[in-house]
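Asks: Okay, here's the structure, questions in a sec.
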Amino acid sequence: MSYSKNNMLFKNVLNFKKNIPSHVAIIMDGNGKWARKRGKSRFFGHFSGFYAARRAISFALFHKLKILTLYAFSSDNWNRSPREIKVLMELFFYALSNETNNLNKYNIRLKVIGNKEKFNTVLKNKIRVVEKETLKNTGLLLNIAANYSGRWEILEAIKKIVVAIKCKNLSLNAITESTVSDFLLINEKIPVDLVIRTGGECRLSNFLVWQISYSELYFTNTLWPDFDRKEFKKAIDEFSNRERRFGRVSH
């Protein structure tokens, strides 16, 4: 199934304003609650969440977003049951294995951000292969945050900066906010415009701590498997209606 399928159904319904975000980041929350409401296992919820992610990618393509960042697996999620973690890793591998053709077909570049060393060898190799196969794609950049935390990302950036100083490739006095951004996995050349969190919780869960200083935040009670194109449209409409001041006085 292609990402574009059924998107044309929304062509005459969607009526966006000009203020469209370039970079949208989504905290995909609510798979377990969604499954529980239906008397299903959490695993069923995660698999349904995978299809919600495909819809989000389709929406991003159709509306020409430049970057879509999906928070798939927090470093704190290792505290879940071994069985659930096993299912999540298998689902991740399944998605990578089955979506590569679509990624290339629609000119999508995949980038997995996070500490990949904790993944098993098979999954690490699959990530490496898919990233390489989509590296030259110039359309949507799809970031998948897996085994990721914002604090970890900043810590890794600090370590790299220290090494650069020791190697005399960087001067301590030359370090600016822009320098730090350059060492992050997601830099601010295209800043995060909008952060969406599904599932009814109003927190950021250690996601993109550095990058979202000026991002607009949108929280919805909609559970992730139910987050369809209409729900995505609501978030974009809300973003379009907001005045982004960046510290300036309101007009």
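Quick reminder: no glycine exception, Cβ is built from N, Cα and C everywhere.
These came from Swiss-Prot, pasted as-is:
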type     : residues                                        : note
ACT_SITE : D29                                             : active site
ACT_SITE : N77                                             : active site, proton acceptor
BINDING  : D29, E216                                       : Mg(2+) binding site
BINDING  : 30-34, R42, H46, 74-76, W78, R80, R197, 203-205 : substrate binding site
Asks: Rounded to an integer, what is the Cα-Cα distance in Å between D29 (active site) and R197 (substrate binding site)?
Replies: 7
Asks: In the structure shown, with every protein chain counted, which of the binding-site residues G30, G32 has the densest set of Cβ atoms within 10 angstroms of its Cβ?
Replies: G30
Asks: Sort out for me which one of S75, N77 has the most neighbouring CB atoms within 10 A, since those are the recorded positions we care about.
Replies: S75
Asks: Can you tell me how many other Cβ atoms are located within 10 Å of the Cβ belonging to L204 (substrate binding site)?
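Replies: Excluding its own Cβ, the number within 10 Å is 18.
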Asks: Give me the CA-CA distance between N77 (active site, proton acceptor) and G32 (substrate binding site), in Å, as a whole number.
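Replies: Here the two Cα atoms are 13 Å apart.
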Asks: Using the alpha carbons only, what distance in Å do you get between S75 (substrate binding site) and E216 (Mg(2+) binding site) once rounded?
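Replies: Computed Cα spacing between S75 (substrate binding site) and E216 (Mg(2+) binding site) is 24 Å.
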Asks: For W34 (substrate binding site), write down the residues of its own chain that are at least 6 apart in sequence and whose Cβ falls under 8 Å from its Cβ; none is a fine answer.
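Replies: In sequence order, G45, S48, G49, L223, W224, P225, D226 meet the Cβ cut-off.
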Asks: Counting only residues 6+ apart in the same chain, whose Cβ is under 8 Å from the Cβ of H46 (substrate binding site)?
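Replies: Once residues fewer than 6 apart are set aside, H46 (substrate binding site) is near N31, A35, V87, L88, L91.
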Asks: Measuring Cα to Cα, how far is W78 (substrate binding site) from E216 (Mg(2+) binding site) in Å?
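Replies: Given the Cα positions, W78 (substrate binding site) is 29 Å from E216 (Mg(2+) binding site).
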Asks: How many Å lie between the Cα of G32 (substrate binding site) and the Cα of E216 (Mg(2+) binding site)?
Replies: 26
Asks: To which of the recorded positions D29, E216 does the lowest count of other Cβ atoms within 10 Å belong?
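Replies: If we count Cβ atoms within 10 Å for the recorded positions D29, E216, the smallest count is at E216.
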Asks: DSSP secondary structure for S75 (substrate binding site), reduced to helix/strand/coil, please.
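Replies: SS state of S75 (substrate binding site) = helix.
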Asks: Rounded to the nearest Å, what's the C-alpha distance separating L204 (substrate binding site) and E216 (Mg(2+) binding site)? Just drop the number here, would you?
Replies: 12
